[in-house]
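Asker: Annotation comment: TrEMBL describes Thr167 as active site, nucleophile. Taken from TrEMBL, the feature substrate binding site applies to Arg195, Val196, Gly197, Asp198, Thr218, Gly219, His220, Gly221.
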Amino acid sequence: MLPVVVVHGGAGHIPKERAEKSMEGVCSAVRAGYAVLKRGGSSMDAVVEAVTQLENNPAFNAGCGSVLNVKGEVEMDAIVMDGKTLGSGAVSAVRNIANPVCLARLVMDKTSHTCLTAEGASKFARSMGVAEVPMESLITEYARMRWRKNLAADAKPVECQMGKMGTVGAVAVDSEGNVACATSTGGMLNKMEGRVGDTPCIGSGGYADNQMGAVSTTGHGEAIMKVTLARLILFHMEQGHSPEAASDLGLAYMKSRVEALGGVVTVDPQGHWAARFSSKQMSWAAAQKDMLHYGLYGGEHFTQSIDEPL
């Protein structure tokens, strides 16, 4: 069963013309994460590699391609968590960093803190030799177009969120049975300056514990935080539920309690995994036993050899 890595490219509604790029992106990212595990790398190495690939892909709302806040600027959040030690690192509201997930890992590895924000995170990045990039290099024409559209007086926020490529994330189990998670996002379209969602919050945007498993979430951040979705799913796994059943229970509770939709990728230390969502779509991919698994709509589950092109 081991090793295994599962990634998601965000829950929501993905326009037809962008769906193919989303599927190619998650499959490429999961291959990169799986290659790390096959070389004997840790689950943490694998999830960071997979999420870095997604941050570098302008098709997703993370890193390059992030949605813009009300001022037309990028503010990104990310988290990593190590199931062996419960070590975690996160950053929020970072602006000039190409790969917030790598900075989150540095917070975990190099500080005694769990989360650094805004200018404090930027100062830390500089002290670690992380290159700063111009904010413009992270902004796509698609993100700019949707920002402008949502500023219009007659804009309908629900419609404007349609076509939003969501938060990205990954979970993995390495050959030693250690689990890890990583999640990264540009946040909500036209959010208030300084808004921080679920992604960098332990137990909401992600959680990893070798005694239970690992989860990375996607969806409406405020709703996810209200039910601490990642930790809630692992609570159900503690009670003996499978990753799939636990994921469905957590998503169903969020829908009934706060009327919100979302999605998750989940693994347990034995290598059982799930990619589940209550939204219309969620691009996801998994790699296990040299097989690639992927899907976009509910009930979809395609498989092929990991080496075979899509």
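Note that Cβ sites are derived from N, Cα and C of the backbone, with glycine treated the same way.
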Asker: Express in Å, rounded to the nearest integer, the largest CA to CA distance found among the substrate-binding residues Arg195, Val196, Gly197, Asp198, Thr218, Gly219, His220, Gly221 named in the record.
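Answerer: Result: 16 Å between the two most distant Cα atoms.
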Asker: From the Cα of Gly197 (substrate binding site) across to the Cα of Thr167 (active site, nucleophile), what is the distance in angstrom?
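Answerer: So the Cα of Gly197 (substrate binding site) lies 11 Å away from that of Thr167 (active site, nucleophile).
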Asker: Using Cβ-Cβ distances, find the residues under 8 Å from Asp198 (substrate binding site) that belong to the same chain and are at least 6 apart in sequence, listing them in sequence order.
Answerer: Ser204, Gly205, Thr217, Gly219, Gly221, Glu222, Ile224, Met225, Leu229
Asker: Fewest neighbouring Cβ atoms within 10 Å: which of the binding-site residues Gly197, Gly219?
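Answerer: Taking Gly197, Gly219 as the binding-site residues, the minimal 10 Å Cβ count falls on Gly197.
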Asker: Under 8 Å Cβ to Cβ from Arg195 (substrate binding site), same chain, six or more residues apart: give me those in sequence order, or none if nothing qualifies.
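Answerer: Long-range Cβ contacts: Asn69, Glu75, Gly187, Met188.
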Asker: Return the residues near Val196 (substrate binding site), defined as same-chain residues 6+ apart in sequence whose C-beta is under 8 angstroms from its C-beta, sorted by sequence, else 'none'.
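Answerer: Non-local contacts for Val196 (substrate binding site): Asp77, Ser92, Ala93, Thr117, Gly187.
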Asker: Fewest other CB within 10 angstroms, which one of the binding-site residues His220, Gly221?
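Answerer: Across His220, Gly221, these binding-site residues, the one with fewest Cβ atoms within 10 Å is His220.
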